[in-house]
């Protein structure tokens, strides 16, 4: 008993309160507690205070109050729980109490340091007050990492700790402060601290380099991260997978995709373990350089070697496949993501929305949009405008009106309609010839404080032309002068489209607008409409305007001019224009020939251009037979199956009717949508029976 008392006297008494045993470790300043339920039921009924003691021996039951030998320091209601100082529980309680006090002290030191001015004297005073004795290296690292609000203060605190703390490895503290500077994107301070570290004789390690390189990638010039990576061998450091990932991304941002991929191959050759971070980085590098097959290969390779894609990898590859215009791959990857129970976030839905709107997958895009609405995700005006642009192109009127209403009803200023929003809505109504709808949007736009731009006036002009409102076309052209807007190539192309659908008696009004917009183009249209003008003069004028036009408008100009030729019954000039376009390589791969099949490819052409091309092709077939050459077993015409942007009907339906009028033996292929096929025997019989001027070159 005496020996036990001597051991007990070295420990302290710990007060406890009723709580669970798991609450021994509490933060920051809760008293350490232990539940104690006495086995004596009569005792448990009274609210007696209980104490845990590892100092005193187990106290005896107190004597009755009348006993004169009672210890006056012990209350009659007090209870004690004695803990053997040699038991694991005693050590656990002591460590918990000490750890709680240490955490509180470090938190107070970090708070005092964060409140300091970035000057040497205040920082030193705060740390001296917090650490009367020399702090440990771990304490210094915790305080530096916690008090990261002001990088300048962190650098000053680092100097104090290096001089006053018990530091075994200075590079650890430097790495902590490098991390602070990286998080605050302070590149100049990072370079200055690097120089100070070298002057201090501290050798950098892999963590130092990876932190500095990632800081350079985030806030320095594009080549800085690469420059620091190349310094690693000088310091005897070999890059690990994290460093490789950072530098590969840095090379990609600097535009050196070749070096980035070379580093990736080097990492694999050194048998570094692939992880989702580096795979996502390499996928991004491939995507940025336009190598979308390479991006997809890395994604498949990482799964083959057992690396499970995370959310970042899925988002990166979805973005890459969206840029590659491969919506079918996007759908497959998204289904895989869901099956792997990877929870998509807003970035995922943005990638899906961008992929589907670019590819004009209207139904899929609307499903994603409504999903984002249901989950109350942030949809900015850029995403809204992408959706509206898609709806305008594919004729989703109801869906566009729903989206437009959502934008106007949103309380977020980032979602309010802008000029591009109104432009898409006017384009939508112009494609359907809805003049009241387009004019209502134009009025609402003016009330919102936006002025019409060239894109809106182009769409409005197309809308009036489609509705047959020639006078309104002239009026919308006059708005250009009022708003001091110069007509561009697209506006002139729109006027050509309107002219192709304008009755002959009103064609002069539109031609006058074309002439005032572009005098050279106006001359071409006048030569086309004038039956007395020679075909050769028209061809030379058309060649001049087409050779000088921007690449993006050359084909639309040709399509519209040939539509106008067909509508005016000028087949000879249409054929001459087609010949000029083929010589200028505006139409490429219109005809293909193999040993088994000759094909005519008309997808992307307007109705007039397609009919002109068909006329020339049939004439070529007739000439081939006249020369004694045999036709291949199969002949085909490919029109595509989608809606033609130059016609309310699809090109396939127009050609089906036209081929029936010609009594041509071409019939729709049941297994190949958008194709009309026939055999050489049927084509030969039909061509020989049609020895008329319509199949002979004019």
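Here, residue 1 is simply the first one shown, and the rest follow in order.
Note that Cβ sites are derived from N, Cα and C of the backbone, with glycine treated the same way.
Listed in TrEMBL for this protein:
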- 1-75: region 'Disordered' (REGION)
- 42-58: compositional bias 'Low complexity' (COMPBIAS)
- 170-204: repeat 'PPR' (REPEAT)
- 205-239: repeat 'PPR' (REPEAT)
- 240-274: repeat 'PPR' (REPEAT)
- 275-309: repeat 'PPR' (REPEAT)
- 310-344: repeat 'PPR' (REPEAT)
- 380-410: repeat 'PPR' (REPEAT)
- 418-452: repeat 'PPR' (REPEAT)
- 600-684: domain 'Smr' (DOMAIN)
Leading contact stretch, 205-239, 275-309, 418-452 vs the repeat 'PPR' (380-410) - CB distance under 8 Å: 418-452
The repeat 'PPR' (240-274): DSSP-derived helix, strand, coil residue counts: 26 helix, 0 strand, 9 coil
Residues of the repeat 'PPR' (170-204) by DSSP state, where helix covers H, G and I: 27 helix, 0 strand, 8 coil
Positions on the same chain near the repeat 'PPR' (205-239), where near means CB under 8 A and six or more residues out: 171, 174-175, 178-179, 181-182, 185-187, 190, 194, 197, 246-247, 249-251, 253-256, 259, 267
Helix, strand and coil totals (DSSP H, G, I; E, B; other) for the repeat 'PPR' (310-344): 26 helix, 0 strand, 9 coil
